[in-house]
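Chemist: The structure's right below; bear with me while I get my questions together.
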Amino acid sequence: MRISKKVLLLLLLLDLLMIFTSQLVSSKGSEEKKFYIIYFGGRPVEEDSAVRKHIDVLSSVKESFVEAKESIVYSYTKSFNAFAAELSSDEANKIAEMDEVLSVIPNRYRKLHTTKSWDFIGLPLTARRKLKAESNIVVGLFDTGITPQSDSFKDYGLTPDLPPHWKGTCDVSANFSGCNNKIIGARYFKLDGNPDPSDVLSPLDADGHGTHTSSTLAGDNVPNASLFGLAKGTSRGAVPSARVAMYKVCWISSGCSDIDILAAFDAAIHDGVDVISLSIGGGSADYTADSIAIGSFHAMNNGIITVTSAGNDGPSLGSVSNHAPWLLTVAASGIDRAFKSQVQFGDGKSILGSGISTFHPTQKMYPLVSGDDIAHNSASKEDARFCYADSLDSKKVKGKLVLCKLASWGADSVIKGIGGIGTIVESDQFLDAAQIFMAPATIVNSTIGETINHYIHSTGSATAVIHKSNEVQVRAPFIASFSSRGPSPGTKRILKPDIAAPGIDILASYTPLKSLTGLKGDTQFSKFTIMSGTSMACPHVAGVAAYVKSFHPHWSPAAIRSAILTTATPMSPRVNAEAEFAYGAGQLNPRRALNPGLIYDMNNMSYIQFLCLEGYKDSSLAPLIGSKFVNCSSLIPGLGYDGLNYPTFQLTLKRKQKTTLAIYRRTVTNVGPPRSSYNATVIAPKGVEITVTPMSLVFTKAMQKRSFKVVVKAKWDPSREGQMVSGRLAWKSSRYVVRSSVVVYSPYEEDDHVKINNYESVL
Ligand SMILES: *[C@@H]1O[C@H](CO)[C@@H](O)[C@H](O)[C@H]1NC(C)=O
Ligand SMILES: *[C@@H]1O[C@H](CO)[C@@H](O)[C@H](O)[C@H]1NC(C)=O
Ligand SMILES: *[C@@H]1O[C@H](CO)[C@@H](O)[C@H](O)[C@H]1NC(C)=O
Ligand SMILES: *[C@@H]1O[C@H](CO)[C@@H](O)[C@H](O)[C@H]1NC(C)=O
Ligand SMILES: *[C@@H]1O[C@H](CO)[C@@H](O)[C@H](O)[C@H]1NC(C)=O
Ligand SMILES: *[C@@H]1O[C@H](CO)[C@@H](O)[C@H](O)[C@H]1NC(C)=O
């Protein structure tokens, strides 16, 4: 099977093959039916009457009350008022016209986008903790489920007195015996059909992704964890004493559905989670038509911070997902460890290939051939060079190592399946994250591949051996090539991603229900495995958000994000060409985030002002704010360029206008010593003027607020089209540095990345 580059990327970087873009089609009736989400507003006063209302509304377009009742798959009534149902487009249009209905949005499917990483970013085992407060924190994950028997979720040392604010439950079933003092919530959401036979209708994780992310976030300390001896160390989460609530919304082969994601938000907000971690991507640029943007807005209204992955579609610009300004969007960086296998050749030479091969060779040397020399009679040499399943002559593979160009993942499985010993895969992409193989294999780049090919053809008897992988040191940090880049496709005014955290070759817990690769013939199973992706970076930041919250229980989502962003360790634009569009504020620094000195706080009104500025029309805001009317014209005046109190600054220049000037209004709150004073330090890139007034801020009390104004003025420079330059504003006191990136982007086209549809045009 040949697959496109894009799919290839997903196959490597997402351990899950959750690519499902087509919408479900009902088998009943001739007209095509789809799932829709119908919004009424904020949290209903009375749940039962809200449900009755849902059925009433639906009855008016269905044949009967009974049919209406049966068509509703979800009534969301705990945290906001909406329902999901299977409708024809006619029915959806009729409902959209009703007065009491605020908005109708079609359902979409998303895709899913480990312990040295904590030491690397400076959160050692011995870090200061507030254990009692930490054990009262509940972290909610929306993922593929969880493995309750995993060592990461034993409840040693955790008391049965659950956090007083917790109202969640456990779905007990044949496959899930229930919770303990560590996993205190476990639900599953799947109302659009039966799961894949390899999945289970329970909170149990048949995939491994959810077990991995949960243990990175809140797993207990597990000494001597490793993948067959690789990456050995103590596996642990950011907050080992926090409680875990799993909301299973992602399913093998069908992916993650909007209607299930919204149901998880409705439940998690009601249940009382403190932090939501969501390693799922593939949303819309329009915040009012995106289940993650909508659900997380309601979470924010309830004081819950939502942390999300930036996506694995890098390094192209504008690829970042989950970019709503109330989300904390995480890019993936590399730590100073990589996995390499030594390959020795019969001529005495040796090289290092990439990837994880856990097999010790049993012979000193094996015959080595190139795929194109062992083509099946009817197959072309070109196909055989890629080692497609039906292109090789199995008689000529038996007992040998084969050199293959990368076409799709699984050449190791193909070669093993027809009796081969192992595979050397040639590729110039995907070299920064380690792929796990199901048989001896390694990846080399095209230069080395050519050399090996030359060796094979210069002798009739080439031989080689692939050794078990080892850890090697590499220079770090750097941003993963796959990590999605800014600028945000949703707005010109906000810098996304927000921050970078480790997301390459992370060791964490895994499921016993799937082999390491999930490939046919793989017999490797392990309690721990290594995965890469912004999916793995996200729980690192969600964990630190929980860590900050255990010290500052009353901080708002915006305050926690501000603390994490302004204390990040700056990263180098020399190593990462896309600079802030790759890493946002820089690398996560957990311990400094506890004491930021100043915070940029804000509430839901700031976001509404921002949306008004962005041109969202009054009624299109309904799914977010739960009411049909907002008077945007009364909100906008005097707000400044972005209307927000964001801890970073982004200016997108007006094309070909000689100079663009933007005024930003900001307010900082003193969370350091009562008496403190800060001076502004500004670094402006060439061609950009940054002025701050006033230049110093004096505080005499804790929680005192001080406002200031930042003016950014930049000239249009045709040679910088499509590029970004960055500077910095830092507030410095004798003890703290409160750092903000200032980014100036020169777009290729006016409005090239702002695409706002209102819902009518989507229907
Ligand atoms: C789930 O439970 C059913 C019924 O007991 C059982 O047949 C099945 O093997 C279980 N699946 C897993 C993955 O445990
Ligand atoms: C650590 O794990 C390895 C296998 O991964 C095992 O052989 C060894 O005995 C373990 N050591 C300890 C101290 O548990
Ligand atoms: C803003 O948040 C407050 C407090 O959390 C809430 O009462 C109010 O309804 C929210 N307003 C909107 C428009 O969402
Ligand atoms: C392949 O790797 C070698 C050694 O690390 C390096 O010298 C060479 O430039 C690389 N080739 C490509 C195409 O990246
Ligand atoms: C909206 O606000 C503006 C400015 O405050 C005011 O002039 C206008 O009458 C308001 N519109 C409505 C419909 O209330
Ligand atoms: C701020 O600048 C003033 C004037 O240059 C200086 O006296 C003061 O010590 C500075 N404060 C800090 C905290 O650096």
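Counting starts with 1 at the first residue shown.
From the backbone N, Cα and C atoms, a Cβ is placed for every residue, glycine too.
For reference, TrEMBL lists these features for the protein:
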type	residues	note
SIGNAL	1-27	signal peptide
DOMAIN	36-113	domain 'Inhibitor I9'
DOMAIN	135-586	domain 'Peptidase S8/S53'
ACT_SITE	D143	active site, charge relay system
ACT_SITE	H209	active site, charge relay system
ACT_SITE	S535	active site, charge relay system
DOMAIN	644-744	domain 'Subtilisin-like protease fibronectin type-III'
Chemist: On a simple 10 Å Cβ count over all chains shown, which one of the active-site residues H209, S535 is most densely packed?
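Modeler: Result of the Cβ crowding comparison: S535.
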Chemist: Can you give me the average pLDDT across the domain 'Peptidase S8/S53' (135-586), rounded to a whole number?
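Modeler: Across the residues of the domain 'Peptidase S8/S53' (135-586) the model's pLDDT averages 94 on the 0 to 100 scale.
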Chemist: Within 10 Å of the Cβ of D143 (active site, charge relay system), how many other Cβ atoms can be counted across all chains shown?
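Modeler: Step by step: centre on the Cβ of D143 (active site, charge relay system), count other Cβ atoms within 10 Å, giving 28.
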Chemist: Can you give me the Cα-Cα distance between H209 (active site, charge relay system) and D143 (active site, charge relay system) in Å, rounded to a whole number?
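Modeler: Here the two Cα atoms are 7 Å apart.
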Chemist: If H, G and I count as helix, E and B as strand, and all else as coil, what does DSSP give for H209 (active site, charge relay system)?
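Modeler: It is helical.
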Chemist: Measuring Cα to Cα, how many Å separate D143 (active site, charge relay system) from S535 (active site, charge relay system)?
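Modeler: Each residue's Cα considered, D143 (active site, charge relay system) and S535 (active site, charge relay system) end up 10 Å apart.
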